[in-house]
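A.B. asks: So Swiss-Prot has the following annotated:
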ACT_SITE  Asp328  active site, proton acceptor
BINDING   Lys31, Ser32, Arg36, Ser178, Gln180, Asp328, Lys355  3-phosphoshikimate binding site
BINDING   Lys31, Gly104, Arg133, Gln180, Arg359, Arg401  phosphoenolpyruvate binding site
Amino acid sequence: MAVIQITSDDTWQIQADGHPLRGTLQVPGDKSISHRALMLGAMAEGTTQITGLLVGEDTCSTASCFRALGAEISPLNATAVTVQGLGMGRLQEPGDVMNAGNSGTTMRLLLGVLAAQTGRFFTLTGDASLRSRPMARVVTPLLQMGAQIWGRQHHSRAPLAILGQPLEPITYYSPIASAQVKSALLLAALHTEGTTLIREPHRSRDHSERMLQAFGARLSVDEATCTVSLEGPAVLKGQKVIVPGDISSAAFWLVAASIIPDSELLLTNVGVNPTRTGILDVLWAMGAEITLENERLVTGEPVADLRVRSARLKSTRIGGELIPRLIDEIPILAVAAAFAEGVTEIRDAAELRVKESDRLKAVATELQKMGAKVTELSDGLDIQGGGPLQGTHLETYGDHRMAMSLAIAALNAKGTSEIHNASAAAVSYPEFVTVLQQIA
């Protein structure tokens, strides 16, 4: 068995021994769906019941903000959460600054909601990482709708102040495929008189569209043109929401079982929404042995059990319209590439530079420390795979996906690795290291 220890200074020590991974796992609830269930539940009339919610730092930030806005949300847990909604346009003006923590989803989607709360004033901030992340991509189209938003660097950085206004519908051609931009505008459009149309260059994840329709919004999607239209004003009704497991969390185990010989894992109840399954398409292209079992539809979302067995991986190219479907999985795919035969090329991923860390730089730096041959490009990486990695001192940059990706790399490296600032994993997967200790 691998030796995995958690030290008092927020460090994971991982000494690998090549032991195969075996077992059945249930990954935590989908983070994107969990955020949206809390938000729509707070804006809807009546009660929303949520099963399978992710209880992580990001979703706790969303719950905290909406409690400050007057919504009644029961203590967060994965079994059952109840949200007593206030109804459209009835969120209350809080008496203090709201803090989105590290959660870009919380801040960007909240901007769309708050901009439409006529006559009420809000201030929104976050941690140091979030305050450095770009908000203009959401603020700019909201200003076109009539929003009043102020902030640092020409209203592009938090803290941000919002004075709710009567908004107008718009037609917006987004320069990037971003579910956060699209969702913020849809949440604002719920309060307008008329039809808002949003077109993207590629499809982005569509959890907002699916859930808005379930809550009663008049929304249509043209997949051929990557266009969404919403007719406002809307009246949302509370719903029962079952949150599937997060494929972004499952990705770590899919790669781990693929690269560690003689491994086999069954990941149950994982969301396989086609706007999120780029990770599967890439791993299949690399030769991974992954099968979908017990496929079904749960509250409007495709769900399956994923069985993964170890396989000999080969290099591939990742870019173009694939990127929005796996943007969060690129760090762990880079780990897979380090163990694959040949050179894997990642392109069109400049968005990774403005995530919780500069993930292109972080991935290149840390894998190079382990002996991988990685070339950092402006919008991607070239990774020469096939060589053994060596355990060493590694840094997460306070980024949850970096912490877990490096842990999987360390699990198949020679010697001992120390991963510093590892508690960042709690943002999306608080139980990750416990599960790692159990199966490794």
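The first residue you see is number 1, and the count goes up from there.
Heads up, the Cβ atoms here are built off N, Cα and C, so glycines get one too.
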A.B. asks: Please report the three-state DSSP label of Ser32 (3-phosphoshikimate binding site).
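C.D. replies: For Ser32 (3-phosphoshikimate binding site) - judged by DSSP and reduced to three states - the answer is helix.
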A.B. asks: Look at the binding-site residues Lys31, Arg36, Lys355, Arg359, Arg401 and tell me which residue has the greatest number of other C-beta atoms within 10 angstroms of its C-beta.
C.D. replies: Arg401
A.B. asks: So if I measure Cβ to Cβ from Ser178 (3-phosphoshikimate binding site) and keep only same-chain residues at least 6 apart in sequence, which ones fall under 8 Å?
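C.D. replies: Ser178 (3-phosphoshikimate binding site) has long-range Cβ partners Arg137, Glu200, Ser204, Pro324.
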A.B. asks: Cβ-Cβ under 8 Å from Ser32 (3-phosphoshikimate binding site), same chain, 6 or more residues apart: which ones?
C.D. replies: Thr105, Ala179, Arg205, His207, Asp246
A.B. asks: Restricting to the same chain and to sequence separations of six or more, state which residues have a Cβ under 8 Å from that of Gln180 (3-phosphoshikimate binding site).
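C.D. replies: Spatial neighbours, sequence-distant, of Gln180 (3-phosphoshikimate binding site): Gly104, Thr105, Arg108, Leu109, Arg137, Val138.
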A.B. asks: Tell me which residues of the chain lie with their Cβ under 8 angstroms from that of Asp328 (active site, proton acceptor), as long as they are six or more apart in sequence?
C.D. replies: Ser248, Arg401
A.B. asks: Give the sequence-ordered list of residues that share a chain with Arg133 (phosphoenolpyruvate binding site), lie 6 or more positions from it, and have CB atoms under 8 Å from its CB.
C.D. replies: Gly104, Arg157, Ala158, Val354, Lys355
A.B. asks: Using only the residues recorded as binding 3-phosphoshikimate (Lys31, Ser32, Arg36, Ser178, Gln180, Asp328, Lys355), report the maximum Cα-Cα distance in Å, whole number please.
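C.D. replies: The span, Cα to Cα at its widest, is 20 Å.
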A.B. asks: At the level of the C-alpha atoms, what whole-angstrom distance separates Arg36 (3-phosphoshikimate binding site) and Arg359 (phosphoenolpyruvate binding site)?
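C.D. replies: Answer for this pair: 25 Å between alpha carbons.
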A.B. asks: If one measures from the C-alpha of Arg359 (phosphoenolpyruvate binding site) to the C-alpha of Lys31 (3-phosphoshikimate binding site), what distance in angstrom results, rounded to a whole number?
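C.D. replies: That separation, Cα to Cα, works out to 19 Å.
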A.B. asks: Through the lens of DSSP with three states only, how would you label Arg401 (phosphoenolpyruvate binding site)?
C.D. replies: helix
A.B. asks: DSSP secondary structure for Lys355 (3-phosphoshikimate binding site), reduced to helix/strand/coil, please.
C.D. replies: coil
A.B. asks: CB neighbours of Gly104 (phosphoenolpyruvate binding site) within 10 A?
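C.D. replies: Its Cβ has 21 other Cβ atoms within 10 Å.
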